[in-house]
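Below: the structure, in structure tokens.
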Amino acid sequence: MTHGSGQSPHRSGPTEKCGVVGVALDDRAAARPLYYSLYALQHRGQESAGIVTHDGFQQHDHVEMGLVGDAFDEADIERLNGDSGIGHVRYPTAGSVDKSCAQPFTVSFKSGSLALSHNGNLVNAGEIRDELAGLGHAFTSDGDTEVIAHDLARNLLEADLVRAVKRTMSRIHGSYSLTIMHDETVLGVRDPEGNRPLCIGELDDGYVLASESAAIDTLDGDLVRDVQPGELVVLHEDGSGFDSYQLVEQENTAHCFFEHVYFARPDSVIDDELVYEVRRELGRHLWDESGIETDVVMPVPDSGRAFASGYAEAAQEAGSTTEFAEGLMKNRYVGRTFIMPTQDERERAVRLKLNPIKSTVEGKTVTLIDDSIVRGTTSTQLVALLKDCGAEEVHMRIGAPPIVAPCYMGIDMATREELIAANQDVEDIREAIEADSLSYLSIDAVADALNRSRADLCLGCVTGEYPYDIDGESTDREVERPVIGGQDLAADD
Ligand code: AMP
């Protein structure tokens with residue numbers, strides 16, 4: 001979900017990555033499994049957490065700022081009656097503490113109630129908002145989730161559920177994985193490019209939809225499959241199964257490669273690939289493309305760990321004597337440093353978060369592995385830290401290509417001005433972070449590790465060419481932008 005859609009894409013305002021979930025059970029309260037699922041998806045959003053359930057007569061909701069464990073107490077969960085429901089965790093954004101942005105978003109209309117949880121970002125929300133506002137819809141937030149909710153509510157006045165969703169999908173353009181509850185029916189929708197993940201799981205007494213399969217594991221369920229790009233999944237209210245409708249067919253997908261590189265949990269399976277194995281494979285490619293002989297290879301915890309293990313394995317297979325070592329310890333009680341508002345605070349936070357282990361660093365040549373460099377804060381701090389601790393050389397190896405452009409599709413990255421690779425080449429960056437050498441991974445290696453062709457990935461942040469039609473940016477494909485307004489429902493049968 002994004003606020004301020006329709007503003008200039010060059011804005012420095014927030015964009016968000018979130019976690020969504022939906023559950024339909026046979027005669028068991030949905031609130032607790034939703035709560036556990038949100039816990040499993042906490043890494044996808046720490047700013048707010050919310051659950052909306054339906055008991056057959058009415059909705060019950062609880063949405064709070066903060067971490068899942070703080071947002072709900074036992075009484076809140078007890079109050080959330082009903083055996084179907086949806087949930088949401090929202091990604092934090094610099095300085096934003098606005099509860100009106102928290103989800104699920106709820107709306108009541110003439111023929112029922114709707115609740116929506118959204119992960120992603122529309123690129124044409126502004127146009128639809130203007131059109132609906134002109135038709136008398138009143139908006140209470142500037143988020144694009146509300147735009148989807150109003151559009152769907154409007155379509156539901158004239159059409160059945162499946163046709164209404166189809167019509168809304170034909171109007172919205174961008175990235176969206178949605179869990180929706182219409183009265184007590186829970187549905188999942190994934191955008192035609194499959195940009196953000198969404199999967200289906202089976203429980204003993206029902207079904208679950210979740211951003212990542214780790215949530216299904218937490219409920220002791222079985223992963224059934226990914227929701228396909230352009231697919232609508234409707235869970236049976238009695239938890240007995242689900243119906244599938246392939247509402248939009250698209251020639252190419254635009255899966256976000258960064259989900260695999262950084263965002264998703266390593267124990268999740270996304271689009272048939274176990275994230276941990278993809279990261280190890282990326283690490284192996286990193287050795288193949290730019291391996292360097294040093295005394296030790298160490299990860300930046302936790303994000304670099306799987307990469308470093310794959311890198312070290314490939315190094316050893318190639319006869320290298322480089323040893324895998326844990327050279328940095330992470331203080332697990334320090335939250336995310338990335339979203340700190342000022343550079344000063346970000347630098348201080350890296351130091352609070354990570355401390356070197358002297359015996360594995362002192363007098364050694366070191367290869368330091370991380371998944372990505374965004375602003376360069378972490379790498380700069382860590383190279384200096386390791387050198388202060390007595391490292392003879394520090395070589396950085398990065399498990400992704402240089403991030404040269406912002407993400408408009410729901411990931412809080414940084415603005416173009418802040419991205420260290422936006423206007424500098426690799427040698428400039430090496431100099432800036434004061435590393436002895438620096439190498440990134442190639443885009444081809446990313447596609448290879450993900451088992452996808454480049455044409456099926458969203459690589460916007462590393463190429464500057466997006467799979468969507470974004471004002472002021474170039475696109476890497478023929479994009480048909482939906483025409484807003486004037487559509488008649490008969491056309492979508
Ligand atoms: P930076 O310090 O700005 O270069 O950011 C790079 C570090 O932040 C790496 O250790 C990444 O694991 C992590 N990172 C990369 N992208 C993000 C993101 N969108 N949100 C939070 N952390 C990130």
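Any Cβ shown, glycine's included, is placed from N, Cα and C.
TrEMBL lists ASP370, ASP371 as Mg(2+)-binding residues, and of the candidates SER290, SER303, SER439, SER442 the one it assigns to that same site is SER303. Around the Cβ of CYS407 ([4Fe-4S] cluster binding site), the number of neighbouring Cβ atoms within 10 Å comes to 20. If you measure from the Cα atom of CYS458 ([4Fe-4S] cluster binding site) to that of CYS18 (active site, nucleophile), you get 18 Å.
Taking CA atoms as the reference points, CYS18 (active site, nucleophile) and CYS256 ([4Fe-4S] cluster binding site) are 14 Å apart. The local packing around CYS256 ([4Fe-4S] cluster binding site), expressed as other Cβ atoms within 10 Å of its Cβ over all shown chains, amounts to 28.
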